[in-house]
Every structure is written in C-alpha cells, then in structure tokens.
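Record features (TrEMBL):
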type: COMPBIAS; residues: 643-653; note: compositional bias 'Polar residues'
type: COMPBIAS; residues: 658-667; note: compositional bias 'Basic residues'
type: COMPBIAS; residues: 671-683; note: compositional bias 'Low complexity'
type: REGION; residues: 643-683; note: region 'Disordered'
type: REGION; residues: 843-864; note: region 'Disordered'
type: TRANSMEM; residues: 66-88; note: transmembrane segment
type: TRANSMEM; residues: 109-131; note: transmembrane segment
type: TRANSMEM; residues: 183-202; note: transmembrane segment
type: TRANSMEM; residues: 214-238; note: transmembrane segment
type: TRANSMEM; residues: 250-270; note: transmembrane segment
type: TRANSMEM; residues: 296-318; note: transmembrane segment
type: TRANSMEM; residues: 339-358; note: transmembrane segment
type: TRANSMEM; residues: 406-427; note: transmembrane segment
type: TRANSMEM; residues: 434-456; note: transmembrane segment
Amino acid sequence: MYGRYTQDLGTFAKDEAARLRLQEGDTPRPRRPSELLEYTQGRCVPCRVCALQCQRFLISKVGEDWVFLILLGLVMALVSWAMDFAIATCLQAQKWMYGGLDTNVLLQYMAWVTYPTVLITFSAGFTQILAPQAVGSGIPEMKTILRGVVLKEYLTLKTFVAKVIGLTCALGSGMPLGKEGPFVHIASMCAALLSRFLSLFGGFYENEARNIEMLAAACAVGVGCCFAAPIGGVLFSIEVTSTFFAVRNYWRGFFAATFSAFIFRVLAVWNKDEETITALFKTRFRLDFPFDLQELPAFAVIGIASGFGGALFVYLNRKIVQFMRRQKTINRFLMKKRLLFPALVTLIISTLTFPPGFGQFMAGQLTQKDTLVTLFDNQTWAKQGISDEFEYLGILEAWHHPRSNVFVTLVVFILMKFWMSALATTIPVPCGAFMPVFVIGAAFGRLVGESMAAWFPDGIHTDSNIYRIVPGGYAVVGAAALSGAVTHTVSTAVIVFELTGQISHILPVMIAVILANAVAQSLQPSLYDSIIRIKKLPYLPELGWGHHEKYNVRVEDIMVRDIRYVTLNCKYRDLQQVLLSTKMKNLPLVESAESMILLGSIERTQVGALLSSQLSPQRRVMTLRQKVLSEDGHRLSDSSIRFQISTETSSGTPARPALRKPLKPALKRVPSSPADSPPAGSADHTGIALKSLFCANAATEPTEAQGTAYHKAKRVRISIVEEMILGDKMTPAEILEWEEQQLDQLVDFSSAKIDPAPFQLVEHTSLHKTHTIFSLLGLDHAFVTSIGRLVGMVSLKELRKAIEGSLTGKGVKVRPPLASFRDSTASATEADTTALRQLWDRHQHHHMPREAGPGGDDDDDTPN
C-alpha cells in the first residue's frame, strides 16, 4: 500500500554510477587538486606532495578534541606543580626566618608578621595594576560565562598572569585562603588562550559553541589538577558551574581531568616528593570494621551542624563585604588606600596566629597541609579521657599545650579560623574559600570524634567485639560536610575519597553531606551565588527547596507590562524616542499600536543604524545635490545659464591641460545681465571647462573598457568634490530643519535585520517552567503574548526578583494570596475568546500581504 524499497540505497547508487561510467565509455583521469599544482614541477615531486599531505593531516588532527584536551591537561598540570613548588618554597622561607630568630621573640614576631604582609600587599597591588578581574575566586564569573554572558577581560593573557602570580603570593603568605576556585578560573583561561593559539591552524576553534564546551571541560581540569581528584573534579565542576550539563561534554571533562591529575602526580614523583603515585592526604583507617552502626547518629549530627555552620559562614562573608561597601567613609578611604585593607587584615591574622602568643592555643605554626595531615591521623589524641597524656610526635606537637587539653585547642582553632577565613576571603587578591572551609570542617569532625572516643574509651561493644572509635574518620566526614554545605555540592564526598585514598567511610560521608546540604540550602545560597549577588552579575539563581509557590506564580504576575515597542508603520521620530526612553537591547516589532500583533524583534544597534543612516551627512549632501541639480535643470529650461564654447574647441582640437583642473571653476554661472558679464578671457575658460564636463563623451571616444573606468573615476571625483562644496552650504538652522523633515518620514525596514521568531511565553506559564526555559536556553529576556498580541516582557531581573521573593519592584505585580485556588484549566477565558473573535473579524476586512497562488486567482479577495 505504502510501497517499499526493493534495493538498498547505497547499492543502487553504486550500480547507477557504474552504469553511467559504462555509458560514457572513457573514464576521465582524476585531476590533481589545484593547490597541489605548484608541487608537480621539478625534482622530488612525490616527496613534496607527500609532505604537503602530511602537513594537512597533522593540522586536521590538531582540530581533534582529544589533542586539545591533552594540551590543556598538560599545561594545567605544569602550572599546578610549579605553583605548588613556589608556594612550598615561600612557606619554608617563613619557617626558616622564624626558626633562625629563636633567640629574640620580638624579632620572631616582626618576621612572622612582616613576611605575609609583604606578600599579600604585593599580590593585591600587582593584581590591581595588571588585571583587577583576577581578584577573588573565579567560579562565580565562570558560572556566568558558561551561561552565555560575555565578561570582558576575564579570559585574557594578562588576567592569567595576574591570577597565577597573585595566587602564588597569596597562598605563600600562609593566610587561610584556598586555591580551588582560582584554579577553575586559571584552567578556563588556559582553554581560551589555547583556542586562540590553535585557531591559527583552523577556524574551528573560533566557534562559540565549541569554546563553551572546552570551557566546561576546563573547569573540571582545574579541580582535578588542584586535588589530584579527576572524578570529584568533574562532578564538582558540573555542580558549581552548570544548571543543565550536556552529556556530550562528560567524556571531555573526565579525559582532560584524568590526564592532568596523572601528570601532576607524576611530576611529584619525578621531583622525589613522593615515592609513587598516591593520594595527597593518604589515610590508613582499618578496613575490616571502619565504624559501628551506632555511630551513625553522631555522623548525622556532624552533617546537621555543618549545614548550620556553612550557612553561617556564607552569611558572615556577605555581611563583611556589605558592611565595607555601605560605610561610605570607610569605602572612600579604602578606595584611596587600596593596599591598606589587605595589609591590615594580614597583620591582624598574623598577630593572632603567632606561635609564642595566642597561636599556641590553635596550632598556629601549622600550614593548611600539615593541619589536614594531623587531623586525618589514625591515632586517638584522648584515649582514656581528658587527663590522659598522649605522646605527641612530629607536627602533632602543635596540638599539645601543657596548660590545656586537645578539646580546648580544637574549639579555639575552629572559632578563630572560622571568622579569620570569612574575613580573609574578602581581601582583594586571587583566592578561594574551599580549603579553609575544608580544614575547619575537618577540625570540627575531629572534635566530635575525640569526644566520642573520650565518652566510649573502649569503643562501642557489639557482639562481644571491641572496636575503638577512630576520630580521623570523623574528621573526614566533617571536612566533606562543611565544604559541601558552603558550596551546595554533594561531590565533595567523592573529592574526600580521592584525597584520602580510602572509601571505607562512604556511608557516613554521604549521610553527613546530604544532611548538610539540606540544612544549608534552606537557609542561605551557596557561597558562589552569594558572590554573584554581591557583584550583581547577570545570573539566574536556583529555585530552592523553600519555593513552594513556584508552581502557582505565573508569568503574568511578574512580567513588565509597560514596555517600549516599534511599530511597522512608525516614523524615524518614533525610533528616536524609543532609543531615548529605554535601554532594552532587543525591541519588539508589532504590526500597529492598535493590534499589538508581535511580528518579531529588532536589535537596538539595528534601530540606531537606521536612525543614523537617515540623518547621515552623506544623505544630507545627496539631498542637497539633487536639489541643486533640479534647480540647475529649471534654469537651463529658462535659459538662465549660457554656455560659451569657442570655435576652436568645437572643431575637434585636443583638450588643453587646463581642462584637468579641479571642478570648482566649472560650476561658475554666467550672469544673465550683460552689465555683469565677465571679461572675454574668463568666459572663454569657463566655457571650455563646461564643455569638458558635459561633452566629454562627444569630444573623445575611447574604447569601451577604458571609457567605463574613466567615467567611474570621474564620477567618484565629482561626488567627492560636490560633497566638499555642497556640505558647507547648509547653516546649522537649515541642517536642523532638514533633520526634522527626515524624522517625519516613515521607516524603511528593508535593510534592517529582524528576528522573525523571538522567544515568546504565554501569560499562564508557571515560574518553574519559565526558570527551566531560561536556564536551559540561556535566555536573558522573553516576550509575553496573548493570542499573538504583545502584552509584556520577562527578563532576568524580574525572574530573579520573583525567585528571591522581592516582587515589589517597578513593573512587577505581586500575585494575589488566593492565586493557588485559581482554576488552572481555564486557559481560554471569556475575555480571550472575545478578543480572538474581534481579531479574526478585523483580519477578514484587513488583508495581509501574501504570495499569489499558482493560478493567480485573487478574485475572491478583491472587492467588486
């Protein structure tokens, strides 16, 4: 019935091609490509052609994704290893200065305080001078860029240099700062710079969609080479930078992150820092019975407390920044003295962490890496109770104080590091907050673990077997929970497994991380979303768990109704008024102000171009030239201009060199009255010039090609000279009058680029669906229509206000309290039906332009 294929299409095509070749009889020889013709002469012709083909093959392979990802992973591994080496050298230099001055406490204090202050001040000054965009984490900006927003100077070479050098100095100072966020930014800049460099080999690297995919993979590389955690790095980058992730980028992220982490650890082995490739903070927890089921409530308490702690950290960080900005006196002072704030903060933190001073109660002499190594230690610091003495060896001695116990030291460490980290992350230097929060969480988990070990010194009895409690496992759980609460991610659990090299505590870690996320997301946004709000970046916040009204709020409740639009029959004056009254980048184009039928959208730049073209000086000169020519034609008809041509020139004698003079003398008019006649000599020269202008074709008849070129060049010279002459004839008042006349003309949209299908929403679209559409498609605005008529517009601003609950701005209408009881099935109300009928009746009488049918019968549409 429907027919079927009796032969495969490929087989049929081959048979048909063979049949055509047999019909032709003689198969033509394949022609060598035109670009290879220059290599077909002389010696070694096959070698030259082979070399050229190899070159093209290599260039084509450079465009492969895996080559780009290998280069990206290699570069980031080298950068990460070099930065870690420089940071370790700086920290070792501080210890050397501190240890070498042990005979004088005052000199020790000066060295302990001055060294980080100088490094932080240099980092802040260098970053501000070279690239202020390098300040901060970089993840909020990358989150905005991956959504499609263009941020200037964030992915340039000078920003890369400022970020690398500034971050090295900041971390080398020993301040409670992190490097995870800046590494995401650094990897993204590496990907952008590699794309620009490799674009020399092919234009496929200039594709915007491809660059976005490479940036998504680069974010995973940044985390992977920072912690040598490729799996957690990919998952973490997806959670913090993407709302909707394309699965086709999944393998790119894993491939590049794995290669980068592998090279990073191989470089550590090559530098003899490690014997083999191992985890950064390797733990040795027992595997046969890592924890008891009765310990799960303690792990759950860690997760809930970490959720509250993460929300408090984000709140404190935001309040510090807002306090500095709202205090106008302090803000103006710090704007003048930009380096004073980082120097002052560093001075305060260094003073409090001075080991002979208050730092002895909070292990102030340990770096972040040493702190994590001690907190993840297998041993129990308080085995039989608080009074029990424990033999502290090596770096563990920093936690021991003769006049206090380990619990006091851990509590002081947590409280002091908490506000110090929140304050230090506001310094205008390249820095992150993941590692300080990770360390604080590990300390809190260790505190809970030591408390459990003190309460149950012999462990929890189960089936007559005794298994002692391991506080190091609690530290791992606390680190993952607090860092996950601050960043609103679950992948911190995977990062912890890769950092420690053990997966024995997978169940407690997942329980704590999920509970911490549940608590933190209900209280505060993530740290990165908080920074986005502070910087007012154009990004759409997420719908949290507390937005129960997201299904009841509709577009009609949040849209802006009073918007500027362009009509199809508008005047240029209307365009001018629209440009002056709004800052919208895309303006809706409607049929008329009465019907409001949406026909499309036009960019603001296009509207400005139309207006500029209508009022351009070239158009003014053209109008004046036409006016002058019309006046001259009128005078010629009235014999007001006399051409005086001598008999010598009319007899066919060649033109004199004087005829090639500029055109200005040729435009002199002969006076109509004999009394005002010029002398004969001047009249003769004027006549010759006029004849050479108007009778050039009659005087000489060159060949067709020469004549065409000659006339084109002469027309260009004439137009240039006329513009110079006629452009100065209009006074400012005349120009203003001419512009007013031009503004009253109808707009010609034939030369404008109009989007015939802008994105549209209907009035009854829910907030949840609108948020999903904006996030998935990367929209910044959408027009709202009702039966094809424009009724409003929704942009990121209105959507953000609706999500954050501040529906009180201009143009945003608060939804009625009983809106949830509104009948959702009544999509077409009586008013809409009436409007639809009126619109249909109007179009029955007003015919839109359309193409004629094949038969050309339009008799039914034409009136009698």
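Just so you know, glycine gets a Cβ as well, placed from its N, Cα and C.
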Range from 183-202, 250-270, 296-318, 339-358 with the greatest count of C-beta pairs under 8 A to the transmembrane segment (109-131): 339-358
Other parts of the chain folded back onto the transmembrane segment (183-202), taken as Cβ under 8 Å at six or more residues beyond its ends: 59-60, 62-63, 68, 71-72, 75-76, 79-80, 134, 137-139, 141-142, 145, 154-157, 159-160, 163-164, 167, 210-211, 214-215, 217-219, 221-223, 225-226, 237, 240-241, 432
Contact call for the transmembrane segment (250-270) against the transmembrane segment (339-358), three or more Cβ pairs under 8 Å: no
Beyond the flanks of the transmembrane segment (406-427) by at least 6 residues, Cβ under 8 Å: 120, 124, 170, 175-177, 309, 313, 316-317, 320-321, 324, 341-342, 345-346, 349, 352, 361-363, 381-382, 386, 390, 399-400, 433, 436-437, 439-440, 443-444, 446-447, 450-451
